[in-house]
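**Q** Sharing a structure, written as structure tokens. Questions coming.
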Amino acid sequence: MSKDKDIKVTPGTCELIEQILALLSRYLSSYIHVLNKFISHLRRVATLRFERTTLIKFVKKLRFYNDCVLSYNASEFINEGKNELDPEADSFDKVILPIASMFVKCVETFDLLNYYLTQSLQKEILSKTLNEDLTLTAESILAIDDTYNHFVKFSQWMIESLRIGSNLLDLEVVQFAIKCADEDGTNIGETDNIFLQEILPVNSEEEFQTLSAAWHSILDGKLSALDEEFDVVATKWHDKFGKLKN
């Protein structure tokens, strides 16, 4: 692991990390909110009871992740960096590594959840209910995929730009894209595959903050679009199915 000692743990970097974690918490919360509504509707569909149980398990996992994110306090590392004899005390790696690990954990879970939610579950709903009242919209599925792709890329950027990469931080979807590109002889410099786009290392706190701010803006926009589509879907579920409870 290569470390850039020019980047230290400062109040500025801690504030930046808190903003990054806030985005991850928002991502998790968006799913928790919409899935809870979905689970509530599924309670009245006996043929989908096992699917409902699976979603409950996912929600519990996402809620646990969110609790971990919300309880993380990056500023604690500033106080730990007072001992000048400890060369690692002020290292930015010390605070960013657990965050990178959490991002990897979350996006890998979203990978499984998104596959289940947008593909296999949609087929089960159609085959067991014979209608589309509880299905996702095409637009919501696109938003789910787009948001996921950008969070994966941000996770990849956070790891590779700081040169803290490890096989324990590898993302399956990225490694699969690289493998396919190698087998196909794809020119990475010309591909539009977001996972294959080059990531350059950062060499200062200012550079990391500038690029993180740009990423924050991108992810904020993706989450806003995702929330809009989730709202549309939740309204559809209520209008076509939820009113049956009255």
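Each Cβ is built from the backbone N, Cα and C atoms, and glycine gets one as well.
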**Q** Among the residue ranges 15-23, 105-113, 168-176, I'd like the one that Swiss-Prot describes as motif 'Nuclear localization signal'.
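**A** Motif 'Nuclear localization signal', as annotated by Swiss-Prot, spans 15-23.
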**Q** For a three-state summary based on DSSP, what are the helix, strand and coil counts in the motif 'Nuclear localization signal' (15-23)?
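**A** DSSP classes over the motif 'Nuclear localization signal' (15-23) add up to 9 helix, 0 strand, 0 coil.
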